[in-house]
Ligand SMILES: NC(=O)C1=CN([C@@H]2O[C@H](COP(=O)(O)OP(=O)(O)OC[C@H]3O[C@@H](n4cnc5c(N)ncnc54)[C@H](OP(=O)(O)O)[C@@H]3O)[C@@H](O)[C@H]2O)C=CC1
Ligand SMILES: O=C(CO)COP(=O)(O)O
């Protein structure tokens, strides 16, 4: 039995794909009302409207006991609390983080948190370019499964691959989690540039220099270059910085247009930008785009000033 914790857009999409592949799957939510509504309507009307839930997908507020893998598809800043509350049930099981970000209070990534909280379990992360709605509609997607234990990695890769989820494997958990976390920060910046109407050329420059920032921090923290250039890094950066399906990009677009953005929508890049800047400072690294995103979020500068700051930096070699 595979358990997916978090009946948000991503958790629901993964549960649909896995259930349709014939796996016994339980989709867990903390919310009794949401569970009743999903059971009745066979739809997650709040987070993934218009997509039917397979009849054989179980939906519950209780995590089924057993030994099957557990996918944690809750937002990054909530993951530690969720694990704390369910630690006894999760102990000894293979745990797969399905979130993208860096914890603000500790600057730790999801795999590091899993290892710290439940050291007896295998800790992995599933990440890469994939919109929940695309997965749920059965469209083809490719993801990266990172697990430091190569044998566990193979088992998880095999059990989570479905007709429309093609999963690649790596042991580089640092690279995989940082790629997914940092691309959201750059997507906010790309959205801001787009929202302000600064043009596709500016966005391409920003994505490229943003990628350089991602590499700078990730390589300094021990990531492998090929992970950053793979699905979880470059791949997800491209998707998120070019599609208004991305909430991080849409949030950035609102910033660029000086418009309000619905605060109930999950935008992982905002807290992660602050955590990233803190971590970069500890490493003695400059991350000017991330710094500009944080200053914009804090209302310290306007977009034009952010662009001027970036454009007036000392000229250097690429
Ligand atoms: N959406 C996408 O296309 C993709 C998302 N991701 C990643 O997946 C992660 C989750 O995002 P997504 O599913 O889109 O987010 P959503 O906003 O759609 O859903 C978040 C879910 O987490 C639940 N949740 C939040 N806090 C808690 C808590 N303390 N205890 C239990 N459940 C909680 C929410 O429950 P409730 O409704 O009760 O608040 C909700 O079901 C993010 O890190 C995101 O980056 C990755 C790839 C694609
Ligand atoms: O991570 C994602 C796609 O890979 C989803 O991006 P958003 O969280 O910006 O919607």
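Numbers run from 1 along the shown chain.
Note: Cβ is positioned from N, Cα and C throughout, glycine not excepted.
So that you can see what the record holds, here are the features copied from TrEMBL:
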type: ACT_SITE; residues: 183; note: active site, proton acceptor
type: BINDING; residues: 10, 30, 100, 132, 247, 268; note: NADPH binding site
type: BINDING; residues: 100, 128, 130, 183, 236, 246, 247, 248; note: sn-glycerol 3-phosphate binding site
type: DOMAIN; residues: 2-151; note: domain 'Glycerol-3-phosphate dehydrogenase NAD-dependent N-terminal'
type: DOMAIN; residues: 172-307; note: domain 'Glycerol-3-phosphate dehydrogenase NAD-dependent C-terminal'
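Ligand 2 lies within reach of none of the binding-site residues 10, 30, 132, judged by a C-beta closer than 6 angstroms to any of its atoms. Only 100, of the recorded positions 100, 183, 236, 246, 247, 248, place a Cβ under 6 Å from an atom of ligand 1. If you measure from the Cα atom of residue 130 (sn-glycerol 3-phosphate binding site) to that of residue 10 (NADPH binding site), you get 9 Å. The sparsest Cβ neighbourhood within 10 Å, among the listed recorded positions (100, 183), is found at 100. For the binding-site residues 30, 247, the ranking by surrounding Cβ atoms (within 10 Å, all protein chains) places 247 first.
Looking only at the recorded positions 183, 236, 246, the one with its C-alpha closest to residue 30 (NADPH binding site) is 246. Remark: secondary structure over the domain 'Glycerol-3-phosphate dehydrogenase NAD-dependent C-terminal' (172-307) totals 102 helix, 0 strand, 34 coil, with classes taken from DSSP. Looking only at the domain 'Glycerol-3-phosphate dehydrogenase NAD-dependent N-terminal' (2-151), the predicted model's pLDDT averages out at 97. Here the binding-site residues are 246, 248, and the one with the most other Cβ atoms within 10 Å of its Cβ is 248.
The distance from the Cα of residue 10 (NADPH binding site) to the Cα of residue 246 (sn-glycerol 3-phosphate binding site) comes to 12 Å. Comparing C-alpha positions, residue 236 (sn-glycerol 3-phosphate binding site) sits nearest to 183 among the recorded positions 100, 183, 247. For residue 132 (NADPH binding site), the nearest neighbour among the listed recorded positions (183, 246, 248), judged by C-alpha distance, is 246.
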